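Copied over from TrEMBL, here are the features:
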REGION    1-69  region 'Disordered'
COMPBIAS  1-11  compositional bias 'Pro residues'
COMPBIAS  18-46  compositional bias 'Low complexity'
DOMAIN    46-196  domain 'BES1/BZR1 plant transcription factor N-terminal'
COMPBIAS  48-60  compositional bias 'Basic and acidic residues'
ACT_SITE  Glu394  active site, proton donor
ACT_SITE  Glu577  active site, proton acceptor
Amino acid sequence: MESQPQPQPQPRRPRGFAATAAAAAASVSPTGTPSGSAGASTASSGKGKREREKEKERTKLRERHRRAITSRMLAGLRQYGNFPLPARADMNDVLAALAREAGWTVEPDGTTYRRSPPPQHQQHLGAFPVRSGESPLTATSLKNCSVKATLDCQQPVVRIDDSLSPASLDSVVIAERDTRSEKYPSTSPINSVECLEADQLIQDVHSTEHDNDFTGTQYVPVYVKLSTGFINNFCQLADPDGVRQELSHMNSLNVDGVIVDCWWGIVECWNPQKYVWSGYRELFNYIREFKMKIQVVMAFHEYGRTDSADVLISLPNWILEIGKENQDIFFTDREGRRTTEFLSWGIDKERVLNGRTGVEVYFDFMRSFRTEFDDLFAEGLISAVEIGLGPSGELRYPSFSERMGWRYPGIGEFQRAAKLRGHSFWARGPDNAGHYNSRPHETGFFCERGDYDSYYGRFFLHWYAQALMDHADNVLSLANLAFEETKIIVKIPAVYWWYKTSSHAAELTAGYYNPTNQDGYSPVFEVLKKHSVTVKFVCYGLQICSYENDEAFADPEGLSWQVLNSVWDRGLKVAGENTLSCYDKEGCLRIIETAKPRNDPDRRHFSLFVYQQPSPLVQGVICLPDLDYFIKCMHGDITGDLVP
């Protein structure tokens, strides 16, 4: 009989790659053979998977808690310590500011020293002497020796390496120690059980080496968005020759397909349930000649109501006529102004549109399209349908409308619907939430420790976000009926400004209850999972575009990290889309790495990528440098650097 094992102290649960290795080792006996029966192995595997999922959730909560603490520390240093920290400060900036305040010199590369320090100060440094002119800890030194050897042999300085983590995360700080400290207990993280393994640390440091080698990586289809304006307001193909030229150019780039916006305001413009598809039929015939796939967008929003817009597409005229008599079909802001960007979801189930509800109007439009182009669905030419669920086709409120005077990086305003049939469908918003162009600290609702975290604030924000999710649920239920087995896509907004503040004000007004102590995206993705949709998310090649205000506390990479992980954890597919801003070589590589992260143990990647640009390709205005090379990298067909 085997002796019973003695109880051992509970070991610390491994994380990351260590957790994966431990789970694999647990399923194999010391002799190398599987332990237990097949049923036991399956049960063990299932239990291990559940533990990994729980650990992922715990890691996310720890990360959000850490970010909340960091944001409060940075706010305090700025407000009470007069520290000139940049808007997107990370731990590098904080340490450098503290060191300079204490009289130290911090070089741009992270080398830190004090010139001619007093003798008594050197004595107090103890195990951490710092000498001027001595080389810092570098990536090369990490590559040529182990972490322990490096820490023993290198000169003791503080080094912060940006390559160890995304810009949105605090950089890893490696504090070196003198060998004299070996005989004393050390609380340095480098000696703790939470320390990164040497191989993993070296891998992270050099993870950007050979970043341009994409041969053999996952194939990500690339679709190019067709320029708006080829279909005029009478649903006619306005420029057949231009269409042929643009399609020919796309075909030469070996794109997988094109994206076409089908505008509700054009097709059903004049009379309810009178649909005109003639221009789109002609356009689709041209695309069929080039044997490219088509993804269509059910565009239920307004387009081009800005000073720079050269094309204007409004909601259907008959809808606007109803709106003159009953303005409650539109959203209203704090001052009672209406926006015609999108119908209010307060009428999703109200028969105020000539006897039809809002969702019935959307369903009739989608059903008409499906019937009209049944032959293209049968051929497989139409590969997916994107459902517009809000302004700009995104699932959000019209909280930052330029027509209402909003300018980046304003927090936007809460939107609500007026009373319909004697019932209040929208609760009254807070009175201290500012206006479109306010900053969080200027308001009583969004400021640090503001009312957003009060009992009323939590109740209102939960209700406000739930109304958005109910709208998505209602429309997608009918979309699945209209398009049956066709892939459905939903676009999620990238509201990244004020992401580094506690309240995440811009996300709250857009309908995402996502402050630092709350995960606002998981409930949304649970609704989308119910309908098995593909989530489309905007990718930013650069961390912050050059035209944006540094004081916006923006973090597009941090937002992407949260959204993509939340989507993938629920087993949903992800599509990417670029902004209209131009990207450089570094931006291109970041987009590709986001689309198919090569260090992901689960080999998760985008199911497709949508490239959009402000001008037709035939004009030669291609924002991504060398689009042909970019597409080949997405396809996994090429290596080397981007062509300048």
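Here the Cβ of each residue, glycine as well, is placed from N, Cα and C on the backbone.
These numbers come from a predicted model, not from an experiment.
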Cα-to-Cα gap, Glu394 (active site, proton donor) vs the residue listed as 'active site, proton acceptor', nearest whole Å: 12
Cβ neighbour count (within 10 Å, all chains shown) around Glu577 (active site, proton acceptor): 20
Reported mean pLDDT - the domain 'BES1/BZR1 plant transcription factor N-terminal' (46-196): 55
Neighbour tally for Glu394 (active site, proton donor), based on other Cβ positions within 10 Å of its Cβ: 21
Per-state residue totals over the compositional bias 'Basic and acidic residues' (48-60) - DSSP helix, strand, coil: 13 helix, 0 strand, 0 coil
